[in-house]
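For 42-61, 68-86, 92-111, 123-142, 148-171, 183-202, 214-237, 244-263, 269-291, 303-322, 328-355, 367-391, the entry in TrEMBL reads transmembrane segment. As annotated by TrEMBL, domain 'NADH:quinone oxidoreductase/Mrp antiporter transmembrane' applies to 88-350.
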Amino acid sequence: MIELLASLIILAVGAALSYKDIRISLVASVVAVVAMMASGNAYSALILFVALLNIFSLYAIRQNQIAGVDYALVAIMAVATIYAFVVDDLAMMLALFMVVSAPTYLLVMVSDRGLNVDVGIKYVTFMVIATVLFITGAVLLYSTTNTLVYSLAFLMLIVGLSMEVGIAPVHEWVPDVFASADPIPISIIASLAKFVPFIIAYKIVVATATPSLGLLLIVVGLIAAASMFVGNIGALTTNEPSRILAYSTVANMGYILATFAAVTAGKEYVYFAIAGGLLQLFVNSFGKVGYFASIKNEGTSPITAYLLTFSFIGLPPLMGFWSKLFIIYSLVCSQFIWLAVILVLNSAISVPYYVRLARLLGTGWKFNLTSAVVLFASIAMLITLIPPMWFVDVVSMMKGV
């Protein structure tokens, strides 16, 4: 709690002084995020890395309409994301959900050219509906003992989560917003903003699980499978890099949603499922930061582009291999073999468009800060050269699961 208070004070001071020089806010945001490492574990360290990449990538649009404040917004999101790991109180969890979601309403509109108001209106409309569904479902799950109400509340929670992160069939906002908004803010929405909704949903579902959950988990599995196919087929049929990444996000969110099928299995399998889901979120985060920064930078080194691509495909021993392996293992052990097979099939379907994306963006290295962001995002995929069983141990310490 002390480190949280310290981070918020640093952010407030930095934001207040940003009118003098936006670099003050940049430094304050970095310090605030690093301060949260006092409560550190591997999860916190990886979130810190994602947040720092997001903050430094914003320097590419430093002439935007909220220059200085944007750094603080990302830092606040990072602090909330780290804190979500260690809370299990419903009111606090829902507050953190809104703290992470609200800054994206503003970030999605900014660019170094002008406010993207139309994009903002579409995005905010979907996010408000998603927030209402998610919060209503969560409150009802904690308060009801009626089987019918529980089932409706669970579906509301899942639909709200799906709309928030971009899972088919409520993913309509993703391709349009990703293609129309500035790549840098979108990289934040596609990375750091995804963690808290899933973490809180995991905790709520585990805490409120009942015997009637079995059939509902099959429904969740079907939604996850649909999202995988919609995302991967959509990415295969488009050539625009931003739209490829949009549909890639839909597919990746489907992989992560599939992990909910294991929440009623033994604790060991639940830990593997959540570890796989979180690792896939990190794969998606580092990959999207790297790819969108490359789009903004009009290209990157072929080596970094292919390193990101190979991790998304799931080539061992990169992070994307281990995330999918953990998810598949948990699904098989939870008797959802059909869903594991669909995940493997979709991983194969994704290969052509990820390779095409690497060819489109791997046009050559440029010496600037944005290129450095891409480089470090790709290097992050190598963290799992040491098999990440340590990450399963970290998940076992997550409060509320």
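Note: Cβ is positioned from N, Cα and C throughout, glycine not excepted.
Unlike curated entries, TrEMBL annotations are predicted automatically.
Counting residues 6+ beyond its ends, the transmembrane segment (42-61) has Cβ neighbours under 8 Å at 26, 29-30, 33-34, 36, 70-71, 74-75, 77-78, 81-82, 85, 110-112, 182, 184-185, 187-188, 191-192, 195, 278, 282, 285-286, 289, 292-293, 296-297, 369-370, 372-373, 376-377, 380, 383, 390-391, 394-395, 398 in the same chain. Sequence-remote contacts of a segment are chain residues at least 6 beyond its ends whose Cβ falls under 8 Å from one of its Cβ atoms, and for the transmembrane segment (244-263) they are 158, 161-162, 165-168, 171, 174-175, 177-179, 190, 194, 198, 201-202, 205-206, 209, 213, 217-218, 220-221, 223-228, 230-235, 238, 269-270, 272-274, 276-277, 280-281, 283-284, 288, 291-292, 312, 323-324, 327, 330-331, 333-334, 336, 339, 343, 346, 350, 353-354, 356-357. For the transmembrane segment (123-142), the partner stretch with the most Cβ pairs below 8 Å, chosen from 148-171, 214-237, 269-291, is 148-171.
Taking residue pairs at least 6 apart in sequence, the transmembrane segment (183-202) and the transmembrane segment (328-355) share fewer than three C-beta contacts under 8 angstroms. Using a Cβ-Cβ cut-off under 8 Å and counting only residues 6 or more beyond its ends in the same chain, the transmembrane segment (303-322) has close neighbours at 248, 276, 279-280, 282-283, 286-287, 290-291, 294, 347, 350-351, 354-355, 357-359, 361-362, 374-375, 377-385, 387-388. With a threshold of 8 Å between CB atoms, the same-chain residues lying at least 6 positions outside the transmembrane segment (214-237) that come near it are 151, 154-155, 158, 162, 167-169, 171, 175, 243-244, 246-255, 257-258, 260-261, 263-264, 336, 338-339, 342-343, 346, 349-350, 352-353. Among the listed stretches 92-111, 183-202, 269-291, the one sharing the most Cβ pairs under 8 Å with the transmembrane segment (148-171) is 183-202. Same-chain residues lying 6+ beyond the ends of the transmembrane segment (183-202) with a Cβ under 8 Å from its Cβ atoms: 47, 50-51, 53-54, 57-58, 60-61, 70, 74, 77-78, 80-81, 84-85, 93-94, 96-97, 100-101, 104, 107-111, 134, 138, 157-158, 161, 164-165, 177, 242, 245, 249, 253, 256, 260, 263, 274, 277-278, 281, 284-286, 288-289, 291-293, 295-296, 398, 400-401.
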